[in-house]
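Features as listed in TrEMBL:
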DOMAIN    63-172  domain 'NADH:ubiquinone oxidoreductase-like 20kDa subunit'
BINDING   CYS63, CYS64, CYS128, CYS158  [4Fe-4S] cluster binding site
Amino acid sequence: MGVIQTVSGLMHNPLPEGRLDDILRPEGENPLLQQGFVTTNLDTLWNWARTGSMWPMTFGLACCAVEMMHAGAARLDLDRYGVVFRPSPRQSDVMIVAGTLVNKMAPALRKVYDQMPDPKWVISMGSCANGGGYYHYSYAVVRGCDRVVPVDVYVPGCPPTAEALVYGILQLQRKIRRGTNFGDAKQGVRE
């Protein structure tokens, strides 16, 4: 029990013990929550809201797209993470590139990326999207979609499982929570 000295006399006010994290950070126990008030900053609140409403647009190019569809099915239930697939780039803030990106498709990928509103994030799914994969030395294959659009999370595998994609989405949510938005000209989490 801590005591605070005031002008009018003594006022008893319990001081919180332990780590002082805000409510929006799930790590550990928060003593401030038990006392009935919450402290946070605007960045944390804003990023928490973004992670709870991620709307990915699927950019399925090959066999990895089947696993991406499997991740959206009822068994894994991405809705519980706030992930709802959108058909239009103008309604999306996350793009999932799944499969082999060929040179003829690269301008279309960039065009769709440019149509997405800011802030926007990209998940590269599978060995082919990450670095060309099995077709790395082919003349027609882009050796990684990060040569066309900036990538935030790489999901490895050939093809990666649906659970690996869910883990990649959770990693992106963690990355968004760490970012800063206000007072930063970039308005995003890319370094």
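Cβ coordinates are placed from backbone N, Cα and C, and glycine is handled just like the others.
In this structure, CYS63 ([4Fe-4S] cluster binding site) belongs to neither helix nor strand by DSSP; it is coil.
The [4Fe-4S] cluster site is defined by CYS63, CYS64, CYS128, CYS158, and by the 8 Å test on Cβ atoms against their centroid, the other residues of the chain that qualify are ALA62, ALA98, GLY99, THR100, MET125, GLY126, SER127, ALA129, GLY133, GLY157, PRO159, PRO160. Annotation for CYS128 ([4Fe-4S] cluster binding site): spatial neighbours LEU61, ALA62, CYS64, GLY99, THR100, LEU101, TYR134, TYR135, VAL141, CYS158, criterion Cβ-Cβ under 8 Å with sequence separation of six or more. Counting every protein chain shown, the number of other Cβ atoms lying within 10 Å of the Cβ of CYS63 ([4Fe-4S] cluster binding site) is 14. The predicted model assigns the domain 'NADH:ubiquinone oxidoreductase-like 20kDa subunit' (63-172) a mean pLDDT of 89.
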